[in-house]
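Student: One structure, as structure tokens, below. Some questions next.
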Amino acid sequence: MYVPDVAEDLCLDIFHKQKQVISRYFANFHCDVVRQLTERLLCHQGAVFFSGIGKSGCIARKLVATMQSFGEKAFFLSGDLLHGDLGVVSSGDIVCLFSNSGETREILEWIPHLKNRQVFLVGITSSPCSSLAVFSDFVVMLPKLEELDPFNLIPTTSTTCQLLFSDLLAMTVLRCRKISLSDYGKNHPSGQIGLKANGKVRDYLSPRTEVPFCSPSITVSEALTVLSSYGYGCVCVVNEQFELLGIFTDGDLRRGLSECGGAILECPLEQVMTRKPKVISEDSDVLLGLEMMESGNPVTVLPVVDAQHQRFIVGLLHMHTLARAGLL
């Protein structure tokens with residue numbers, strides 16, 4: 001029978017237990033082993049294999065997928081290793097095996113055959129005296145923490161620890177490799193990640209034909225007609241060659257009215273415009289544009305300039321456009 005109050009109490013109890021055990025993980029895990037393992041991976045020329053049985057295997061698969069996404073030669077060894085899959089392993093390869101207990105039967109059966117291949121064996125376990133720890137060339141010792149279930153048997157906390165280690169290792173390798181957004185995007189052309197990683201400003205800008213332009217000599221009063229005719233909240237101040245001289249926004253107008261009153265309406269734009277606004281090149285990554293909008297003094301629109309000269313305006317990049325594209 002479902003009792004809401006009981007379910008709520010149990011949920012809160014498990015939630016607090018999660019917080020406690022995760023805190024103990026961070027207090028007891030020595031991340032220097034990640035540094036050492038990263039250094040070996042960076043110097044390694046061959047393949048790197050990860051594997052595990054059951055839930056540990058799921059964590060190994062996830063780590064492989066993450067590392068492959070930024071170009072690492074990482075592969076998953078299936079449970080059929082001794083039924084032919086051993087053929088992909090070569091001398092000198094690195095093989096990393098996940099086992100919380102360090103006594104997983106299938107894993108222990110693999111070890112002699114992997115040793116015969118002269119691999120560098122990495123054991124990732126929570127049991128320092130386990131067979132996996134003893135026979136490994138390098139050991140990643142994860143904190144031994146109790147599981148969340150009443151029997152202390154169901155892989156919950158242990159797999160969370162494995163996942164935290166995996167993400168730390170993958171991101172350390174990524175940072176050391178100095179993987180750029182462009183590098184990552186080449187391996188991830190599809191989905192929302194692909195849109196963010198590969199999108200260029202030119203793909204999202206409003207073209208020059210839709211940009212509100214004004215001459216620097218017209219008054220603020222005259223510019224208001226242009227400003228109110230478009231939905232950008234700004235006008236771009238340009239010369240006859242469409243070189244960007246500055247920008248005037250509705251925020252500039254409010255500040256001017258507050259400081260100068262109605263007299264600002266008769267001022268020429270060149271006296272009140274922002275002369276060095278944030279701009280972005282049309283061939284820049286769209287995520288750079290989003291970062292520029294949100295950093296410093298936040299803005300919702302960026303003038304886009306040509307890639308060659310970096311001064312002729314070719315369009316506008318608007319926050320609303322990026323939101324509609326699902327990039328926020």
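Every residue gets a Cβ built from N, Cα and C, even glycine.
Annotation comment: Swiss-Prot describes 37-179 as domain 'SIS', evidence class sequence analysis. Under the heading ATP binding site, Swiss-Prot lists Gly52, Ile53, Gly54, Lys55, Ser56, Gly57. The feature domain 'CBS 1' is assigned by Swiss-Prot to 205-264, with sequence analysis given as support. Positions annotated as domain 'CBS 2' by Swiss-Prot: 273-328.
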Student: How does the model score the domain 'CBS 1' (205-264) in terms of mean pLDDT?
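Tutor: On average, pLDDT over the domain 'CBS 1' (205-264) sits at 89.
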Student: Within 10 Å of the Cβ of Gly57 (ATP binding site), how many other Cβ atoms can be counted across all chains shown?
Tutor: 20
Student: Which chain neighbours of the ATP site, leaving out Gly52, Ile53, Gly54, Lys55, Ser56, Gly57, have a Cβ atom within 8 Å of the mean position of the site's Cβ atoms?
Tutor: Cys58, Ile59, Ala60, Phe98, Ser99, Thr104, Pro155
Student: Helix, strand, coil residue numbers for the domain 'SIS' (37-179) per DSSP?
Tutor: 67 helix, 23 strand, 53 coil
Student: Restricting to the same chain and to sequence separations of six or more, state which residues have a Cβ under 8 Å from that of Ile53 (ATP binding site).
Tutor: Gly79, Ser99, Thr104, Glu106, Ile107
Student: Given the binding-site residues Gly52, Gly54, which one is most crowded in terms of C-beta atoms within 10 angstroms?
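Tutor: Answer by Cβ density within 10 Å: Gly52.
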